[in-house]
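Trainee: The following block contains the structure, expressed as structure tokens.
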Ligand SMILES: Nc1nc2c(c(=O)[nH]1)N[C@@H](CNc1ccc(C(=O)N[C@@H](CCC(=O)N[C@@H](CCC(=O)N[C@@H](CCC(=O)O)C(=O)O)C(=O)O)C(=O)O)cc1)CN2
Ligand SMILES: [Zn+2]
């Protein structure tokens, strides 16, 4: 048996990667020293895996921003609007982050994760091989560290399915253009002496048509013909392979399967066998979560696998790239006692692989199994009063006391909003000053009172700014929050938080997902003070602002001893108390964000309905107990909503804001074939880019939307929160946005 890894976190154990990138963008680092720092991080990551004794080490999993963007650039798929870029680096980051003269490429969720990739755009061009990046990475590891690496690339079927800018009927042509380029990559690797390549095809865990499957097999036959000396590990993850029987017959030398998130994987293998001549990449450790595995159970699993495949042809590995977990648990020093020996981040998972693959490790294995036993018997996990309360709450009729149309009228009487009301999504710039203030409070240099006063000053400043800009519905700005999920985790019971548990979310941006380890319940109001304070400063409505239950669930590391559905109901039950606390404090416009609701949708269609049922119910449990005059808002971003409007409607929120600007036309066209009656704001500008949108382009966007939506259901807002932008970008962009709304309003009033 061998140990293998599918990908290692890029960010470095102290987020060195993030810091280097951001310093470079701010021109505090020259290109040469930036690239040198990146090389150092890349090599250190590889050396670490070598030192940990991993047999098969991935290379080319590292990137300067995103691995899908790397693939697009490698194939010369550069949208025309970026062609003027002066050098390859500014072209690359231009595509990722946008330029004043060109909007950034779209960014979207990588399957069902909180990682976002840059969507390749085809634009009628013929791909070409600009640089064999896997080869460069292979040679670097070999020459500099003596590592015989396994280059990783995204496979052609997944790459095309995750790209845009072509018609469905063009897919075959595009594939036939791409395949020869992949073949060249493989041949050059073979010539350089590479033994293995890992070709990631997570798309194979979703349903493909029979034709697509046949076409996929043909592609792999061509790969085999082109480079018969290079071994291909065809890697699937995040679920069981949908077409197991067919895929194991592909002419490749190894098949990588997910035994953690693919509940059916082992059964499929038992039923259909596993080819004797292939290597089994057995993904047995959870690459998406941070709990130590029950190693004796994993030993049993390995024994079962050895009955189905020869031991020397098994690689044990994480279920997916370790990109989705933090680097190392050894930096955590303030956890509840029962968590200390039960956490496994990337490094600990590699250590688990070593324990499982070497003989006579029973003592260490017992130590960790005992820790898991201790965790499961912790009082925090066994709070019967929480279980009873949640059961009771779930049993109630989860719906608003009046239908939408009645609410709408009554709410308009209360708020008297103008046509096309303008608002923002919640957060304002988390400037260095804001982060430093939190740092001072955390280190004890500032008292709580000093910090609270700082937050109040920020709120006051931004209420004034919003009034000056002329926005109709204001927000307090979320200055008290590190992150929209971490913040609630810190205030609810049942959560633990990490000091250094950073995971990349997109580009240089990282999150520190809280850890849900116990039963969740409400302890005290979490957002009331700030909202009430903000409302006291203005006559305009200020929206209360909280994160919804499904998003808290999906962006946390969740205990795996009870179902996610159960945990979500616990969170929803706790959040309902917050909503009611806001309402009784006089905050009667309340936004409950659910940006991760769509991302949590299972990859397999057969599981959708169940997920939709409970996630919608959890949102309703959180929001439905308010009066008819209380206006519930929600917000979603980073995904394709075209097929999701039915679900969105079931949430029964009075107003929803959706991110759309990077793919505006596509969403707008979705409203031509399905109807949506409630309040809705389609984001009119991209907030991920430092670029300031022009009045005119937003005016056009609003008018386009008016072709498919009714003027008195429409709101005007940016795509998402503004925490990643700086102050002047934010003010200038919002001024332009309100000016654009005013122009359209004027025109509507005349017509
Ligand atoms: N959980 C989550 N997922 C999400 C989103 C989200 O908002 N949250 N949004 C979408 C996009 N993803 C995003 C993810 C992260 C960020 C983001 O801005 N992250 C920040 C970190 C936010 C944070 O927790 N900040 C802390 C820590 C800040 C920090 O780095 N402090 C300084 C120290 C400052 C000092 O003490 O002087 C340091 O460590 O260097 C704080 O504000 O307190 C970043 O990477 O920069 C934005 C969007 C989808 N998924
Ligand atoms: Zn958002």
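The backbone N, Cα and C atoms fix where each Cβ goes, glycine too.
Below are the features listed in TrEMBL for this protein:
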- 3-308: domain 'Cobalamin-independent methionine synthase MetE N-terminal' (DOMAIN)
- 15, 16, 17, 18, 109, 114, 509, 510, 555, 599: 5-methyltetrahydropteroyltri-L-glutamate binding site (BINDING)
- 420-742: domain 'Cobalamin-independent methionine synthase MetE C-terminal/archaeal' (DOMAIN)
- 425, 426, 427, 478, 593: L-methionine binding site (BINDING)
- 425, 426, 427, 478, 593: L-homocysteine binding site (BINDING)
- 635, 637, 659, 720: Zn(2+) 1 binding site (BINDING)
- 635, 637, 659, 720: Zn(2+) binding site (BINDING)
- 688: active site, proton donor (ACT_SITE)
Trainee: Can you grab the distance from residue 659 (Zn(2+) 1 binding site) over to residue 425 (L-methionine binding site)? Cα atoms, rounded to a whole Å.
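Mentor: Cα-Cα distance, residue 659 (Zn(2+) 1 binding site) to residue 425 (L-methionine binding site): 10 Å.
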Trainee: Neighbourhood of the Zn(2+) 1 site (635, 637, 659, 720): other residues with Cβ within 8 Å of the Cβ centroid, in order?
Mentor: 425, 595, 636, 638, 657, 658, 683, 719, 721
Trainee: Please report the three-state DSSP label of residue 15 (5-methyltetrahydropteroyltri-L-glutamate binding site).
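Mentor: Looking at the DSSP assignment, residue 15 (5-methyltetrahydropteroyltri-L-glutamate binding site) belongs to neither helix nor strand, so coil.
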Trainee: When the Cα-Cα distance from residue 425 (L-methionine binding site) is computed for each of the recorded positions 15, 109, 635, 637, 688, which gives the smallest value?
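Mentor: Nearest by Cα distance to residue 425 (L-methionine binding site): 635.
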Trainee: Checking the binding-site residues 427, 509, 637, 720: which ones have Cβ within under 6 Å of ligand 2?
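Mentor: With ligand 2 as the reference and 6 Å as the Cβ limit, the list reads 637, 720.
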Trainee: Return the member of 15, 17, 509, 688, 720 nearest to residue 593 (L-methionine binding site) in space, with distance defined Cα to Cα and candidates limited to these recorded positions.
Mentor: 720
Trainee: List the Cα distance (Å, whole number) between residue 555 (5-methyltetrahydropteroyltri-L-glutamate binding site) and residue 637 (Zn(2+) 1 binding site).
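Mentor: Just about 14 Å between their Cα atoms.
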Trainee: Out of 426, 427, 635, 688, 720, the recorded positions in the record, which is closest to residue 15 (5-methyltetrahydropteroyltri-L-glutamate binding site) when you go by Cα distance?
Mentor: 688
Trainee: Go through the binding-site residues 17, 109, 426, 478, 635, 720 and tell me which ones have a CA within 10 A of the CA of the residue listed as 'active site, proton donor'.
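Mentor: For the residue listed as 'active site, proton donor', the binding-site residues whose Cα atoms are within 10 Å come to 720.
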Trainee: With an 8 Å cut-off on Cβ distance to the 425, 426, 427, 478, 593 Cβ center, who else from the chain surrounds the L-methionine site?
Mentor: 424, 475, 484, 545, 591, 635, 720, 721, 723
Trainee: Roughly where does the domain 'Cobalamin-independent methionine synthase MetE C-terminal/archaeal' (420-742) sit in mean pLDDT, to the nearest integer?
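Mentor: Summing pLDDT over the domain 'Cobalamin-independent methionine synthase MetE C-terminal/archaeal' (420-742) and dividing by its length gives 95.
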Trainee: Taking ligand 1 as the reference, state which of the binding-site residues 15, 427, 509, 635, 720 have a Cβ closer than 6 Å to one of its atoms.
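Mentor: Once distances to ligand 1 are taken from each Cβ, 509 fall under 6 Å.
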